[in-house]
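The domain 'Major facilitator superfamily (MFS) profile' annotation in TrEMBL covers 1-382. The annotation transmembrane segment is assigned in TrEMBL to 18-37, 79-98, 110-130, 164-185, 213-234, 246-267, 273-301, 313-332, 352-376.
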Amino acid sequence: MVAAPIFGYLGDRFNRKVILSCGIFFWSIVTLSSSFISKEYYWLFVLSRGLVGIGESSYSAISPTIIGDLFTNNSRTMMLSVFYLAIPLGSGLGYILGSCAKEAAGDWHWALRVSPVLGITAGALILLFVPEPKRGSADQMGGRIRTRTSWFCDMKALAKNRSYVFSSLATTAVSFATGAFGMWIPLYLSRAQEVQKTVEPCTKDICSSRDSMIFGGITCITGLLGVLIGAVTTRLCRQKTERADPLVCAVSMLGSAIFICLIFVVAKKSIVGAYVCIFIGETLLFLNWAITADILMFVVIPTRRATAVALQGFISHLLGDAGSPYLIGLISDSLQQSYTMSALWRFLSLGYALMLCPFIIVLGGMFFLATALFFLDDREKAEKQLNQLAQTSSSVRV
C-alpha cells in the first residue's frame, strides 16, 4: 500500500517494464529467502512477508498502464479482463500448488520455494519479450507526448477529476467488503452450522479449514466469472450508451448488495442457500474489476495513469480492506459482550456486524452512478488535454 504511490511516480517517468521486472525479481527473491528463516527469527519472517508487497505494488500500478498503451476501446477492455483474471486464478492455483508442494516435500517451507521460480521466469519473459510502448500510443499520440507535469500537478489534476474520484471511492467499497468477507465469512458459516447442530463447537487450537477452503474456491470461481461477464456485458452495453462502463458497475454493485443481504437471512437455516447467495453476490461484486481500470484509462491522460492506478490502490486499501476486518470484529465483540456464552448470539452478533458490508456496497453503487454523470465530460477533457500536450511537444521540438 505504501510503496504503490512510489511505483506510480516512477511508472509515469521511466522505463516501465524494467521497473516491473525488478519488482517481480525482488518479490521472488524475498519469498524464496523467507523460506529459509528459522523460527527463532519469526520477526524477520513477518518482515519478509511484508516486503512481498513491494513487488505486488510494482506490477499492480504499472501493468495496467502498459496494457492501456497497447490496446484501446473494446480490445483494451478484453485485455484488462485477461489481466485481472490473474487475481482469482492465481489465488486458486496458489492454494493448490502450495498444498501439493508441502505434501510432496513433507515441509510447508517448500510452498514458498515453488512460486519464486515461476516469478523469476515471468520477470525474465517480461524483460525480454514484452514491448515498452510509447505513452499514449494506443491513443494515436505515441512518440508525440514529451511534456511531463510535476507530481504535484498530477495529484491536483486527479483530485479535480470527478470520474476518477468517484470510481476510486467505489473501488474502496469493493475492497472493504472483500477484505471483511475473506476474514469473517468462513467463521460466520462455521457458527451457523453450530447453531444448526450439524457440527460441534471447535475447542482445539487448530480448527477445521473446510469452510475457508470452500469459500476460497467460490471466490476464485466467482472472480473468473465476474471479470468475464463484466467484459462481455460492457461490450454489449456500449452499443446502447456511452456511459456503459460506470452504469454496468453500478447495477452489478446494487445487485450484489441484495444477495449479500440474503446470506444473513438464509444462513441460520441453510448453509447451501448461504453458499448460493455468496456465489451470486461475489460474482456481481467482481464484475467491475477490469471495468474500473478501463474507466481510469478513459478519463486520465497516459502520462499520469500509473500515478492514478497507484493512488487508487492506496486509497482502496487504506480505507477498505486494511481496516474492514478489524472494524467488523470490533462491532461483533461489542454486540456479544452480554451473551458471550450463547452460540446463537455469537452467530447473530457477527452477522449483524457483517451487515455493514452490503450498506457499504450500496454506497459504492451510488459512487458508480455519480461516475456515470461525469464520465463523458471527463473523457472529453482528457482527450483535449492529450491533444494539447502533443501540440505543446511539437512546438517545443520546432
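Keep in mind that glycine also has a Cβ here, set from the backbone N, Cα and C atoms.
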Relative to the transmembrane segment (213-234), which of 79-98, 110-130, 164-185, 246-267, 273-301 accounts for the most Cβ pairs at distances under 8 Å? 273-301
Short question: which residues 6 or more past the ends of the transmembrane segment (313-332) have a Cβ under 8 Å from it? 1-2, 4-5, 57, 60-61, 168-169, 171-180, 182-184, 349-350, 352-354, 356-357
For the domain 'Major facilitator superfamily (MFS) profile' (1-382), the averaged pLDDT of the predicted model is 85
